[in-house]
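Residues or ranges marked as active site, nucleophile by TrEMBL: Cys268. Annotation source TrEMBL lists NAD(+) binding site at Tyr10, Val11, Asp30, Lys35, Thr86, Thr124, Lys271, Arg331. Annotation source TrEMBL lists GDP-alpha-D-mannuronate binding site at Glu161, Lys210, Asn214, His217, Asn225, Tyr257, Arg259, Phe262, Gly265, Lys324. The feature domain 'UDP-glucose/GDP-mannose dehydrogenase C-terminal' is assigned by TrEMBL to 317-424.
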Amino acid sequence: MRISVLGLGYVGCVSAACLAGLGHEVIGVDVNQVKVDLVNDGRAPVVEERIGELIAEVVRTGALRATGDVREAVMGSEVSLVCVGTPSEPNGSLCTTYLERVAEQIGAAVAGRGGRHTVVFRSTMLPGTCLNLLVPILEKHAGGTAGTDFGVAVNPEFLREGTSVRDFFDPPKTVIGELDPASGDVVAALYEGLPGEVFRVPVPTAEAIKYADNAFHGLKIGFANELGAVCQALGVDSHQVMDVFLADRKLNISPAYLRPGFAFGGSCLPKDLRSLVHAAQRADVSVPILSHVLPSNSDHLQRAVELVERTGKRRVGLFGLSFKPGTDDLRESPLVELAERLFGKGYELRIYDPNVNLSRLLGANREYIETRLPHLAQLLAQSVGEVLDHAEVCVVGTRDPAVLSALPHGDDPVIVDLVHLPDADARRAEPGYAGLAW
Ligand code: NAD
(Lines of atoms letter the chains of each structure in order from A and count residues from 1; the text may use other names and numbers.)
(Lines give C-alpha, C1' and ligand atoms only; values in the text may rest on other atoms or scores of the structure.)
Protein backbone atom coordinates (compact mmCIF):
# COMPACT_ATOMS: atom_id res chain seq x y z
CA MET A 1 0.00 0.00 0.00
CA ARG A 2 1.13 3.61 -0.54
CA ILE A 3 1.03 5.39 2.81
CA SER A 4 1.68 8.95 3.99
CA VAL A 5 2.74 9.39 7.60
CA LEU A 6 2.05 12.88 8.91
CA GLY A 7 4.45 13.83 11.70
CA LEU A 8 7.92 12.26 11.94
CA GLY A 9 8.29 12.39 15.73
CA TYR A 10 8.68 9.42 18.08
CA VAL A 11 5.52 7.69 16.82
CA GLY A 12 5.57 8.82 13.19
CA CYS A 13 9.16 7.99 12.31
CA VAL A 14 8.91 4.54 13.90
CA SER A 15 5.56 3.84 12.18
CA ALA A 16 6.90 5.10 8.84
CA ALA A 17 10.11 3.05 9.01
CA CYS A 18 8.41 -0.12 10.24
CA LEU A 19 5.58 0.06 7.67
CA ALA A 20 8.24 0.52 4.97
CA GLY A 21 10.01 -2.49 6.50
CA LEU A 22 6.77 -4.49 6.09
CA GLY A 23 6.88 -3.78 2.33
CA HIS A 24 4.67 -0.68 2.03
CA GLU A 25 5.68 2.42 0.07
CA VAL A 26 5.85 5.24 2.62
CA ILE A 27 6.16 9.03 2.39
CA GLY A 28 6.83 10.75 5.72
CA VAL A 29 5.80 14.37 6.18
CA ASP A 30 6.93 16.88 8.77
CA VAL A 31 6.90 20.65 9.17
CA ASN A 32 10.35 20.37 10.75
CA GLN A 33 12.88 20.45 7.90
CA VAL A 34 15.65 18.99 10.10
CA LYS A 35 13.60 15.78 10.51
CA VAL A 36 12.77 15.63 6.78
CA ASP A 37 16.44 16.01 5.86
CA LEU A 38 17.59 13.44 8.42
CA VAL A 39 15.14 10.83 7.08
CA ASN A 40 16.07 11.52 3.44
CA ASP A 41 19.71 11.10 4.48
CA GLY A 42 18.80 7.67 5.85
CA ARG A 43 19.18 8.79 9.46
CA ALA A 44 16.70 8.60 12.35
CA PRO A 45 15.33 11.82 13.84
CA VAL A 46 15.00 10.12 17.25
CA VAL A 47 17.28 7.91 19.35
CA GLU A 48 15.72 4.44 19.64
CA GLU A 49 16.99 0.88 19.53
CA ARG A 50 17.16 -0.43 15.89
CA ILE A 51 15.55 2.66 14.32
CA GLY A 52 18.81 3.97 12.81
CA GLU A 53 19.56 0.74 10.91
CA LEU A 54 15.94 0.35 9.81
CA ILE A 55 15.65 3.89 8.39
CA ALA A 56 19.00 3.55 6.62
CA GLU A 57 17.80 0.32 5.01
CA VAL A 58 14.29 1.41 3.91
CA VAL A 59 15.54 4.77 2.57
CA ARG A 60 18.27 2.95 0.63
CA THR A 61 15.70 0.60 -0.98
CA GLY A 62 13.38 3.53 -1.78
CA ALA A 63 10.55 2.24 0.47
CA LEU A 64 10.67 5.43 2.59
CA ARG A 65 11.24 9.06 1.75
CA ALA A 66 10.26 12.32 3.44
CA THR A 67 8.85 15.67 2.36
CA GLY A 68 7.50 18.86 3.89
CA ASP A 69 4.52 18.89 1.55
CA VAL A 70 1.29 17.29 2.84
CA ARG A 71 -0.47 17.66 -0.51
CA GLU A 72 2.25 15.84 -2.45
CA ALA A 73 2.20 12.99 0.11
CA VAL A 74 -1.60 12.61 0.19
CA MET A 75 -1.92 12.78 -3.61
CA GLY A 76 0.59 9.94 -3.91
CA SER A 77 -0.95 7.61 -1.31
CA GLU A 78 -4.11 5.67 -0.46
CA VAL A 79 -3.82 6.08 3.30
CA SER A 80 -2.71 8.91 5.61
CA LEU A 81 -1.53 8.03 9.09
CA VAL A 82 -1.74 11.06 11.35
CA CYS A 83 0.96 11.00 14.05
CA VAL A 84 1.19 14.67 15.05
CA GLY A 85 1.56 15.68 18.69
CA THR A 86 -1.33 16.29 21.10
CA PRO A 87 0.40 18.00 24.05
CA SER A 88 -1.23 19.51 27.16
CA GLU A 89 -2.68 23.01 27.09
CA PRO A 90 -1.68 25.12 30.12
CA ASN A 91 -5.01 24.23 31.85
CA GLY A 92 -4.36 20.49 31.36
CA SER A 93 -6.76 20.03 28.46
CA LEU A 94 -5.70 18.29 25.27
CA CYS A 95 -4.18 20.50 22.57
CA THR A 96 -5.77 19.62 19.23
CA THR A 97 -4.21 22.44 17.20
CA TYR A 98 -1.82 20.20 15.23
CA LEU A 99 -4.56 17.66 14.56
CA GLU A 100 -6.92 20.36 13.28
CA ARG A 101 -4.24 21.85 11.02
CA VAL A 102 -3.32 18.50 9.54
CA ALA A 103 -7.01 17.58 9.03
CA GLU A 104 -7.45 20.81 7.02
CA GLN A 105 -4.38 20.02 4.94
CA ILE A 106 -5.36 16.39 4.29
CA GLY A 107 -8.97 17.41 3.55
CA ALA A 108 -7.82 19.96 0.97
CA ALA A 109 -5.54 17.40 -0.68
CA VAL A 110 -8.28 14.74 -0.68
CA ALA A 111 -10.56 17.21 -2.54
CA GLY A 112 -8.15 17.28 -5.47
CA ARG A 113 -7.51 13.55 -5.55
CA GLY A 114 -9.40 10.83 -7.41
CA GLY A 115 -10.17 7.48 -5.72
CA ARG A 116 -10.86 6.78 -2.07
CA HIS A 117 -8.35 7.97 0.50
CA THR A 118 -8.47 6.81 4.13
CA VAL A 119 -7.41 9.07 7.00
CA VAL A 120 -6.17 7.15 10.04
CA PHE A 121 -5.52 8.99 13.31
CA ARG A 122 -2.76 7.43 15.44
CA SER A 123 -2.36 10.43 17.76
CA THR A 124 -3.81 10.07 21.25
CA MET A 125 -7.05 12.04 21.55
CA LEU A 126 -10.01 12.14 23.88
CA PRO A 127 -13.15 10.23 22.94
CA GLY A 128 -15.25 12.37 20.62
CA THR A 129 -12.32 14.30 19.11
CA CYS A 130 -12.37 12.39 15.83
CA LEU A 131 -16.10 12.40 15.15
CA ASN A 132 -16.99 15.80 16.64
CA LEU A 133 -13.94 17.86 15.69
CA LEU A 134 -11.81 16.24 12.99
CA VAL A 135 -14.40 14.63 10.73
CA PRO A 136 -16.26 17.96 10.25
CA ILE A 137 -12.94 19.65 9.35
CA LEU A 138 -12.07 16.87 6.90
CA GLU A 139 -15.55 17.01 5.33
CA LYS A 140 -15.45 20.79 5.00
CA HIS A 141 -12.05 20.82 3.26
CA ALA A 142 -12.56 17.65 1.22
CA GLY A 143 -16.04 18.69 0.11
CA GLY A 144 -17.36 15.15 0.71
CA THR A 145 -18.77 12.79 3.33
CA ALA A 146 -16.63 10.72 5.66
CA GLY A 147 -17.33 7.00 5.37
CA THR A 148 -18.58 7.46 1.80
CA ASP A 149 -16.23 9.69 -0.18
CA PHE A 150 -13.20 9.04 2.03
CA GLY A 151 -12.43 6.70 4.91
CA VAL A 152 -11.75 7.60 8.54
CA ALA A 153 -10.39 5.43 11.35
CA VAL A 154 -8.68 5.79 14.71
CA ASN A 155 -5.77 3.45 15.35
CA PRO A 156 -4.10 4.26 18.68
CA GLU A 157 -0.44 3.52 19.16
CA PHE A 158 0.81 1.36 22.05
CA LEU A 159 4.55 1.58 21.48
CA ARG A 160 6.88 2.24 24.40
CA GLU A 161 9.77 4.56 23.70
CA GLY A 162 13.03 2.66 24.06
CA THR A 163 11.57 -0.54 22.56
CA SER A 164 9.26 0.95 19.95
CA VAL A 165 10.56 -0.91 16.89
CA ARG A 166 10.25 -4.22 18.74
CA ASP A 167 6.77 -3.20 19.94
CA PHE A 168 5.69 -2.35 16.38
CA PHE A 169 6.55 -5.82 15.08
CA ASP A 170 5.18 -7.56 18.19
CA PRO A 171 2.29 -5.34 19.32
CA PRO A 172 0.39 -6.05 22.55
CA LYS A 173 -2.83 -5.54 20.53
CA THR A 174 -4.08 -3.73 17.45
CA VAL A 175 -7.07 -1.46 18.00
CA ILE A 176 -9.05 -0.23 15.01
CA GLY A 177 -11.78 2.33 15.59
CA GLU A 178 -13.68 2.28 12.31
CA LEU A 179 -16.16 4.79 10.98
CA ASP A 180 -17.26 2.19 8.43
CA PRO A 181 -16.06 -1.38 7.68
CA ALA A 182 -14.13 -0.32 4.54
CA SER A 183 -12.03 2.13 6.60
CA GLY A 184 -11.34 -0.61 9.16
CA ASP A 185 -10.32 -3.03 6.39
CA VAL A 186 -7.71 -0.54 5.16
CA VAL A 187 -6.15 -0.28 8.64
CA ALA A 188 -6.21 -4.06 9.10
CA ALA A 189 -4.40 -4.46 5.76
CA LEU A 190 -1.60 -2.12 6.93
CA TYR A 191 -0.59 -4.52 9.69
CA GLU A 192 -1.29 -7.82 7.93
CA GLY A 193 1.15 -10.48 9.08
CA LEU A 194 1.85 -8.93 12.49
CA PRO A 195 1.04 -10.99 15.59
CA GLY A 196 -1.42 -10.00 18.35
CA GLU A 197 -5.18 -9.75 18.55
CA VAL A 198 -7.00 -7.19 16.42
CA PHE A 199 -9.97 -5.38 17.98
CA ARG A 200 -12.38 -3.58 15.65
CA VAL A 201 -14.47 -1.16 17.67
CA PRO A 202 -16.40 2.11 17.26
CA VAL A 203 -14.21 5.22 16.87
CA PRO A 204 -14.78 6.71 20.38
CA THR A 205 -14.07 3.32 21.98
CA ALA A 206 -10.68 3.19 20.26
CA GLU A 207 -9.91 6.70 21.49
CA ALA A 208 -10.87 5.73 25.07
CA ILE A 209 -8.84 2.48 25.07
CA LYS A 210 -5.60 4.45 24.79
CA TYR A 211 -6.56 6.45 27.90
CA ALA A 212 -7.38 3.25 29.80
CA ASP A 213 -3.85 2.02 29.02
CA ASN A 214 -2.01 5.18 29.99
CA ALA A 215 -4.09 5.96 33.08
CA PHE A 216 -3.54 2.41 34.34
CA HIS A 217 0.20 2.54 33.71
CA GLY A 218 0.47 5.77 35.70
CA LEU A 219 -1.67 4.31 38.47
CA LYS A 220 0.51 1.18 38.68
CA ILE A 221 3.73 3.17 38.88
CA GLY A 222 2.25 5.44 41.53
CA PHE A 223 1.02 2.42 43.50
CA ALA A 224 4.42 0.68 43.36
CA ASN A 225 6.31 3.84 44.31
CA GLU A 226 4.03 4.71 47.24
CA LEU A 227 4.17 1.14 48.49
CA GLY A 228 7.96 1.21 48.08
CA ALA A 229 8.23 4.42 50.11
CA VAL A 230 6.07 3.05 52.94
CA CYS A 231 7.99 -0.23 53.00
CA GLN A 232 11.30 1.64 53.13
CA ALA A 233 10.07 3.79 56.03
CA LEU A 234 9.03 0.63 57.88
CA GLY A 235 12.31 -1.16 57.16
CA VAL A 236 10.85 -3.65 54.67
CA ASP A 237 12.42 -4.65 51.32
CA SER A 238 9.71 -3.53 48.87
CA HIS A 239 11.24 -5.45 45.96
CA GLN A 240 10.92 -8.67 47.91
CA VAL A 241 7.32 -7.71 48.71
CA MET A 242 6.57 -7.13 45.02
CA ASP A 243 8.35 -10.35 43.97
CA VAL A 244 5.96 -12.36 46.13
CA PHE A 245 2.93 -10.21 45.32
CA LEU A 246 3.51 -10.71 41.59
CA ALA A 247 4.22 -14.42 41.96
CA ASP A 248 0.58 -15.00 42.96
CA ARG A 249 -0.63 -16.69 39.76
CA LYS A 250 -4.28 -16.42 40.78
CA LEU A 251 -3.99 -12.63 40.78
CA ASN A 252 -2.37 -12.83 37.34
CA ILE A 253 -1.08 -9.25 37.46
CA SER A 254 1.45 -8.17 34.85
CA PRO A 255 4.67 -7.04 36.58
CA ALA A 256 5.02 -4.20 34.06
CA TYR A 257 5.14 -0.81 35.82
CA LEU A 258 4.92 -2.44 39.26
CA ARG A 259 8.55 -2.26 40.43
CA PRO A 260 9.29 0.51 42.92
CA GLY A 261 11.69 2.99 41.33
CA PHE A 262 11.69 6.57 40.18
CA ALA A 263 8.81 8.84 39.16
CA PHE A 264 7.27 8.46 35.69
CA GLY A 265 7.28 11.12 33.00
CA GLY A 266 7.52 11.47 29.25
CA SER A 267 5.27 12.94 26.63
CA CYS A 268 2.34 10.58 27.23
CA LEU A 269 1.44 9.48 30.76
CA PRO A 270 1.41 12.90 32.44
CA LYS A 271 -0.40 14.73 29.65
CA ASP A 272 -2.90 11.93 29.06
CA LEU A 273 -3.75 11.72 32.78
CA ARG A 274 -4.04 15.50 32.83
CA SER A 275 -6.42 15.66 29.87
CA LEU A 276 -8.49 12.73 31.14
CA VAL A 277 -8.95 14.38 34.54
CA HIS A 278 -9.70 17.70 32.85
CA ALA A 279 -12.33 16.05 30.65
CA ALA A 280 -13.87 14.31 33.69
CA GLN A 281 -14.08 17.60 35.58
CA ARG A 282 -15.71 19.31 32.62
CA ALA A 283 -18.26 16.48 32.50
CA ASP A 284 -18.87 16.84 36.26
CA VAL A 285 -17.55 13.35 36.99
CA SER A 286 -15.67 12.97 40.27
CA VAL A 287 -12.40 11.03 39.74
CA PRO A 288 -10.46 11.20 43.04
CA ILE A 289 -8.17 8.26 42.20
CA LEU A 290 -7.20 9.51 38.74
CA SER A 291 -6.80 13.09 40.02
CA HIS A 292 -4.20 12.00 42.55
CA VAL A 293 -1.89 9.97 40.32
CA LEU A 294 0.13 13.01 39.19
CA PRO A 295 0.38 14.57 42.68
CA SER A 296 1.57 11.17 43.98
CA ASN A 297 4.21 11.13 41.25
CA SER A 298 5.36 14.63 42.14
CA ASP A 299 5.67 13.67 45.84
CA HIS A 300 7.83 10.74 44.79
CA LEU A 301 10.12 13.04 42.83
CA GLN A 302 10.47 15.22 45.92
CA ARG A 303 11.63 12.15 47.88
CA ALA A 304 14.61 11.94 45.50
CA VAL A 305 15.46 15.61 46.15
CA GLU A 306 15.34 14.92 49.89
CA LEU A 307 17.66 11.91 49.54
CA VAL A 308 20.25 14.17 47.91
CA GLU A 309 19.74 16.87 50.57
CA ARG A 310 20.27 14.32 53.32
CA THR A 311 23.74 13.45 51.99
CA GLY A 312 24.87 16.96 52.96
CA LYS A 313 27.07 17.11 49.81
CA ARG A 314 26.97 19.88 47.22
CA ARG A 315 28.70 18.51 44.10
CA VAL A 316 26.17 16.25 42.38
CA GLY A 317 26.59 14.02 39.33
CA LEU A 318 23.36 12.96 37.63
CA PHE A 319 23.35 9.91 35.36
CA GLY A 320 20.41 9.95 32.95
CA LEU A 321 18.32 12.91 31.81
CA SER A 322 15.80 11.60 29.26
CA PHE A 323 12.50 10.40 30.68
CA LYS A 324 13.61 6.77 30.55
CA PRO A 325 16.55 4.71 29.26
CA GLY A 326 16.80 3.93 25.55
CA THR A 327 15.39 7.23 24.32
CA ASP A 328 16.54 10.83 23.94
CA ASP A 329 13.04 12.15 24.71
CA LEU A 330 13.28 14.89 27.33
CA ARG A 331 9.63 15.93 27.40
CA GLU A 332 8.31 15.98 30.98
CA SER A 333 11.30 13.89 32.06
CA PRO A 334 11.30 13.40 35.85
CA LEU A 335 15.11 13.56 35.71
CA VAL A 336 14.91 17.01 34.09
CA GLU A 337 12.54 18.06 36.88
CA LEU A 338 14.93 16.60 39.48
CA ALA A 339 17.92 18.39 37.88
CA GLU A 340 15.97 21.67 37.90
CA ARG A 341 14.99 21.31 41.57
CA LEU A 342 18.62 20.59 42.52
CA PHE A 343 19.93 23.36 40.25
CA GLY A 344 17.42 25.76 41.84
CA LYS A 345 18.75 24.84 45.28
CA GLY A 346 22.27 25.76 44.21
CA TYR A 347 23.77 22.28 43.89
CA GLU A 348 26.80 22.08 41.58
CA LEU A 349 25.49 19.72 38.95
CA ARG A 350 27.05 17.71 36.12
CA ILE A 351 24.86 15.45 33.99
CA TYR A 352 25.63 12.53 31.69
CA ASP A 353 23.14 10.95 29.30
CA PRO A 354 24.60 9.25 26.21
CA ASN A 355 21.29 9.33 24.28
CA VAL A 356 20.79 13.04 24.87
CA ASN A 357 24.38 13.70 23.76
CA LEU A 358 23.79 11.66 20.61
CA SER A 359 20.55 13.40 19.67
CA ARG A 360 22.13 16.78 20.29
CA LEU A 361 24.82 15.80 17.82
CA LEU A 362 22.25 14.59 15.24
CA GLY A 363 20.38 17.86 15.54
CA ALA A 364 16.82 16.59 16.06
CA ASN A 365 16.65 17.49 19.76
CA ARG A 366 19.15 20.34 19.63
CA GLU A 367 16.51 23.05 19.40
CA TYR A 368 14.51 21.57 22.30
CA ILE A 369 17.61 21.43 24.51
CA GLU A 370 18.85 24.86 23.57
CA THR A 371 15.53 26.68 23.81
CA ARG A 372 13.76 24.78 26.63
CA LEU A 373 16.70 23.61 28.73
CA PRO A 374 19.61 26.04 28.19
CA HIS A 375 20.28 26.03 31.95
CA LEU A 376 20.86 22.24 31.83
CA ALA A 377 22.58 22.12 28.41
CA GLN A 378 25.64 23.81 29.90
CA LEU A 379 25.85 21.08 32.57
CA LEU A 380 25.96 18.14 30.13
CA ALA A 381 29.16 16.10 30.33
CA GLN A 382 30.65 14.05 27.50
CA SER A 383 31.66 11.03 29.57
CA VAL A 384 30.91 9.05 32.73
CA GLY A 385 34.43 9.86 33.98
CA GLU A 386 33.85 13.60 33.72
CA VAL A 387 30.87 13.28 36.08
CA LEU A 388 32.66 10.91 38.47
CA ASP A 389 35.60 13.34 38.72
CA HIS A 390 33.20 16.10 39.75
CA ALA A 391 30.75 14.33 42.02
CA GLU A 392 30.61 13.90 45.79
CA VAL A 393 27.22 12.31 45.28
CA CYS A 394 26.08 10.38 42.19
CA VAL A 395 22.36 10.23 41.45
CA VAL A 396 21.75 7.20 39.25
CA GLY A 397 18.63 7.54 37.08
CA THR A 398 19.60 5.13 34.32
CA ARG A 399 20.65 1.50 33.94
CA ASP A 400 22.91 2.32 30.98
CA PRO A 401 25.64 -0.40 31.05
CA ALA A 402 28.46 2.15 30.65
CA VAL A 403 27.24 3.93 33.78
CA LEU A 404 26.60 0.77 35.82
CA SER A 405 30.04 -0.68 35.15
CA ALA A 406 31.79 2.57 36.16
CA LEU A 407 29.94 3.18 39.44
CA PRO A 408 32.35 2.89 42.36
CA HIS A 409 31.61 1.19 45.70
CA GLY A 410 32.23 2.62 49.16
CA ASP A 411 31.21 6.02 50.47
CA ASP A 412 32.96 8.40 48.06
CA PRO A 413 31.02 9.33 46.03
CA VAL A 414 27.74 8.60 47.77
CA ILE A 415 25.37 6.70 45.45
CA VAL A 416 21.73 7.79 45.34
CA ASP A 417 19.99 4.96 43.51
CA LEU A 418 16.73 5.84 41.73
CA VAL A 419 16.53 2.72 39.58
CA HIS A 420 17.14 -0.15 42.00
CA LEU A 421 20.60 -1.01 40.68
CA PRO A 422 21.22 -4.69 39.80
CA ASP A 423 23.62 -4.89 42.77
CA ALA A 424 21.36 -2.90 45.11
CA ASP A 425 21.16 -5.75 47.63
CA ALA A 426 24.96 -5.79 48.03
CA ARG A 427 25.25 -2.02 48.05
CA ARG A 428 22.70 -1.65 50.84
CA ALA A 429 25.36 -2.68 53.34
CA GLU A 430 27.67 0.10 52.15
CA PRO A 431 27.70 3.40 54.09
CA GLY A 432 27.58 5.56 50.97
CA TYR A 433 24.40 4.10 49.45
CA ALA A 434 20.90 5.53 49.54
CA GLY A 435 18.10 3.96 47.53
CA LEU A 436 14.78 5.56 46.65
CA ALA A 437 12.80 2.33 47.09
CA TRP A 438 14.42 -0.78 48.51
P1 NAD B 1 6.26 14.31 18.47
O2 NAD B 1 6.08 15.68 18.98
O3 NAD B 1 7.54 13.58 18.69
O4 NAD B 1 6.01 14.31 16.90
C5 NAD B 1 5.00 15.04 16.26
C6 NAD B 1 5.56 15.53 14.93
O7 NAD B 1 4.50 16.09 14.17
C8 NAD B 1 6.61 16.62 15.09
O9 NAD B 1 7.80 16.21 14.44
C10 NAD B 1 5.98 17.83 14.40
O11 NAD B 1 6.93 18.64 13.76
C12 NAD B 1 5.03 17.15 13.42
N13 NAD B 1 3.93 17.98 12.91
C14 NAD B 1 3.17 18.86 13.59
N15 NAD B 1 2.27 19.41 12.75
C16 NAD B 1 2.45 18.86 11.53
C17 NAD B 1 1.83 19.03 10.26
N18 NAD B 1 0.83 19.88 10.06
N19 NAD B 1 2.28 18.30 9.23
C20 NAD B 1 3.31 17.44 9.40
N21 NAD B 1 3.95 17.24 10.58
C22 NAD B 1 3.52 17.95 11.63
O23 NAD B 1 5.04 13.46 19.04
P24 NAD B 1 5.00 11.88 19.36
O25 NAD B 1 5.67 11.60 20.65
O26 NAD B 1 5.43 11.14 18.14
O27 NAD B 1 3.45 11.67 19.60
C28 NAD B 1 2.51 11.78 18.54
C29 NAD B 1 1.15 11.33 19.04
O30 NAD B 1 1.19 9.95 19.39
C31 NAD B 1 0.66 12.06 20.30
O32 NAD B 1 -0.73 12.19 20.21
C33 NAD B 1 1.04 11.11 21.41
O34 NAD B 1 0.19 11.27 22.54
C35 NAD B 1 0.81 9.77 20.75
N36 NAD B 1 1.60 8.68 21.30
C37 NAD B 1 2.92 8.87 21.62
C38 NAD B 1 3.67 7.81 22.10
C39 NAD B 1 5.12 7.99 22.46
O40 NAD B 1 5.68 7.07 23.06
N41 NAD B 1 5.76 9.11 22.16
C42 NAD B 1 3.08 6.55 22.25
C43 NAD B 1 1.77 6.38 21.89
C44 NAD B 1 1.03 7.44 21.42
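Backbone N, Cα and C atoms are what each Cβ position is placed from, and that goes for glycine too.
All features noted in TrEMBL, drawn onto the structure.
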residue : record                               : CB count, 10 Å
Val11   : NAD(+) binding site                  : 27
Asp30   : NAD(+) binding site                  : 26
Lys35   : NAD(+) binding site                  : 25
Thr86   : NAD(+) binding site                  : 21
Thr124  : NAD(+) binding site                  : 23
Glu161  : GDP-alpha-D-mannuronate binding site : 25
Asn214  : GDP-alpha-D-mannuronate binding site : 22
Gly265  : GDP-alpha-D-mannuronate binding site : 23
Cys268  : active site, nucleophile             : 26
Arg331  : NAD(+) binding site                  : 20
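Set side by side, the binding-site residues Arg259, Lys271 differ in how many other CB atoms lie within 10 angstroms of their CB, and the most is found at Lys271. Thr86 (NAD(+) binding site) sits 9 Å from Cys268 (active site, nucleophile), counting Cα to Cα. Candidate recorded positions: Tyr10, Thr86, Thr124, Asn214, Cys268, Lys271. Those with a Cβ under 6 Å from ligand 1, in sequence order, are Tyr10, Thr86, Thr124, Cys268.
In this record, GDP-alpha-D-mannuronate is bound by Glu161, Lys210, Asn214, His217, Asn225, Tyr257, Arg259, Phe262, Gly265, Lys324; the longest C-alpha to C-alpha distance in that set is 23 Å.
The Cβ of Tyr10 (NAD(+) binding site) has 26 other Cβ atoms within 10 Å, all protein chains considered. Secondary structure at Asn214 (GDP-alpha-D-mannuronate binding site), taken from DSSP and collapsed to helix, strand or coil, is helix. Within 10 Å of the Cα of Asn214 (GDP-alpha-D-mannuronate binding site), not one of the binding-site residues from the list Tyr10, Val11, Asp30, Lys35, Arg331 places its own Cα.
Proximity note: of the listed binding-site residues (Tyr10, Val11, Thr124, Arg331), Tyr10, Val11 have a CA within 10 Å of the CA of Glu161 (GDP-alpha-D-mannuronate binding site), given in sequence order.
When the alpha carbons of Cys268 (active site, nucleophile) and Tyr10 (NAD(+) binding site) are compared, the span between them is 11 angstrom.
As a summary of secondary structure, the domain 'UDP-glucose/GDP-mannose dehydrogenase C-terminal' (317-424) carries 45 helix, 17 strand, 46 coil according to DSSP.
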